[in-house]
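The feature domain 'Histidine kinase' is assigned by TrEMBL to 431-650. Residues annotated as domain 'Response regulatory' in TrEMBL: 672-783. Per TrEMBL, the feature 4-aspartylphosphate maps to Asp722. The transmembrane segment annotation in TrEMBL covers 57-80, 321-341.
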Amino acid sequence: MAGRPALARGHDVADRQDLTGKGAAVRAMPAPALLRVRPAGKPGAAATSSLGVRGRLLLAAVALLLPPLLGGALLLGGAYTRERRVAERHLDETAHMLSLAVDQQLGQSQAYLRALVASPAMAAGDIAALEAQARAIDLPKGYWFRLASAIDGRVLINTALPPGAPLPGGQLGPNLRAALDSGHSRVGTLFNSTLTNQQAIALHEPVYRDGAPAYVLSLVMPSTEFTQLLTDQQLRAGWIGAVVDRSGGIIARTRDPDRYVGQKARPEFIEAFNNRTSGRMPGLSLEGVPIIISFRHTPSQDLVVSVAAPRDELGREAWRGLLVAMAGAVALFALAMGLALRLARGITYPVEQLAARAASLGRGAPVPTETLGLAEADAVAKVLADAGQRLARSSAEQEEKVRAAVAEAESANTALFQAHRMEAVGRLTGGIAHDFNNLLQAVSGCLDMLMRRAADDRSRDLIRAGMQAIDRGAGLTRQLMAFARRQALRPEPVDVADLVRTMRQLLMHALRADIVLEMALPQSLWPAMADPAQLELALLNVAVNARDAMPNGGVLRFVAENVTLAPDHTEEGLKGQFVRLAITDTGSGIDPAVLPHVFEPFFTTKEVGKGSGLGLSQVYGFARQSGGTVHLDSVPGVGTTVTLFLPRAADAPRRPAPVVEVRPADRVETRTVLVVEDDATVSATVAAGLTERGFAVLQASRADQALALLQNGDTIDILFSDIVMPGGMNGVDLAKVALVLRPDLAVLLTTGYAENLPPLEGMRLLPKPYRMEQLLEALDALR
Ligand SMILES: Nc1ncnc2c1ncn2[C@@H]1O[C@H](COP(=O)(O)OP(=O)(O)OP(=O)(O)O)[C@@H](O)[C@H]1O
Ligand SMILES: [Mg+2]
């Protein structure tokens, strides 16, 4: 076991547990937390106290996914910031570009002004020539020149008015003053021209003569000109371009110029415009939309150009990208989790199955053997299945052992009880038989004395009948004594095989023609120590029982062999060498409920008059008294085996005396006798004796059977019948009918009952008991 993996040791635990009981088995195999079986139908209940495979795999998936996802998020954040910056730069560049465009516009206007300022008429102060020259310049539509005195602001030229038309007075307003103060050209604030009735701005150029300011020449431009300029730049949709003057007034606007041109920009923007030459800041548009505004002063510092983009539009692309990426990440995450779960299931299922199988093993239930689809789990499952099989095998063996032990104990108990019972019955029987014998002896003595004194024949007949009854009683007590093992046995070494073989004739008469007699009697059989006459009687009793058990024929088999017994081989504890003779029939068998009683005296299942119940008692008593025993095994419907054990004899059997032919040699017997006798033993003995002497013998146990044979027409010379028989018809009546059927029939009757005899009407009577010679003499007398 040393080299086995840890799991293999689990078997041993399981094996041992089986001996200590199922409860212990379950207790001794606590499943680790990971292997705990989840109750069916409650998913997710597992791994409450520690992290299960599923949880660990999910964690692994998260751990694997998290860094790339975080990296991705950082990248996306960076991209978003970059994108936003690009958008902001684009806003700034647009503002710059617009400022340049506006500046260029202003530069053109300034060129017109410079042309006039540099003209000789201006130098000469010839206003009329200057006006003519100014009117001659082809200005864009809506533009006009104005010349005002630097001293008092009086208007000297206004090309918006027709030539010669009276000029308005004019004054030195803040715009002109500022231009004069700065000493160079300067854009003024927005104003509403009364002449053209539209918003306009002017570029003012101070003109010096002899080092002193003499005039301010202005070019007036309609504000629509700048709106158009902004519109021409084709800003991105949603963006708003605007031009604002120094005071924050809106000169031009790409969206809703009619509404907003002339209004002030929001104060926070104005403040920023005043403080910085360029910049970017969040805020609200005039419409109230959150915006990011980028602004820039024109290079001449006169005007501010701004571009505003709705704040939510800026970086919207980046935002959209971020969203897409996030959605992708979430999908990826879900996919990974799904995969991890699937993977986990591929592991948790086998693990849970393993746990369930381990639990089955613990309970001693069968362990399933189908594979789980996970190599490692399958290896463990195989070990578990093997363990389960071993466990099942060992429990089965254990159970079988226990069953066998219990059965053995039971049978030993039964046998012991049976032996005790037979012992007790034997003692009782012996006691009664003994006392009964004494009584018979006393009565016999009395009758003997009476006989000597009896004067008349009648009395003597009565006394004789009494004596016959006493003989019968004595026979009965002999049989009882035999059972009680108190009969006078004359044991001698017997060749059992030889004895059985010579009994064949006798057995054939005891059996019927439809019963096959088989014998397996080895030559090497030991001699047995037994009373041969009693052994013959025992075998005859067994054979007759077998015949009765096989009403439809069968096989009767004698098997003899030498056996050496140890004390535990038989209930009686026989020890040593024995000759065993087993006699097996194929008859009805014996009901198990009846079996314990068959050896008891007077126990019979046969109908009244058919059996005395003393046959097996004789067998038992004889066998036990001989120092052996008898066993009876029976299977209902299959058959019965009676086994005799007789102790081995130390000496060889004496050779049987050669059979002396008692009959004179000249007399060859050819007659046929019909023996009618209800006692099978007697009938068989008689038949065998007669057959030996040359008679042909027919047997019947009842009067009606005998009549059937007589009516058959078979050759029958003599009817030899018992008088008292079962079945209603006695021997005398049978003889009368027989004589009617066959008037030349010779009749010999026999009986043990001398009293109450019906009138015999001249028929001969042989009283029982008779010896064979007496019977032969009586038969000879019939000739
Ligand atoms: N070979 C057998 N097959 C079936 N039953 C048997 C067999 N031998 C004995 N028995 C049963 O055992 C009982 C007792 O047998 P036992 O020989 O002692 O008495 P019996 O045959 O009934 O009467 P008898 O005194 O005429 O022999 C029988 O009545 C019969 O039921
Ligand atoms: Mg019998």
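Placement of Cβ uses the backbone N, Cα and C atoms for every residue, glycine included.
Curation plays no part in TrEMBL annotations; they are all automatic predictions.
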Cβ packing number for Asp722 (4-aspartylphosphate), 10 Å threshold: 24
Close approaches to the transmembrane segment (321-341) from elsewhere in its chain (Cβ under 8 angstroms; 6 or more beyond its ends): 54, 57-58, 60-61, 64-65, 69, 72-73, 76-77, 79-80, 83
Per-residue pLDDT averaged over the domain 'Histidine kinase' (431-650), given as an integer: 90
For the domain 'Response regulatory' (672-783), the number of residues DSSP places in helix, strand and coil: 44 helix, 25 strand, 43 coil
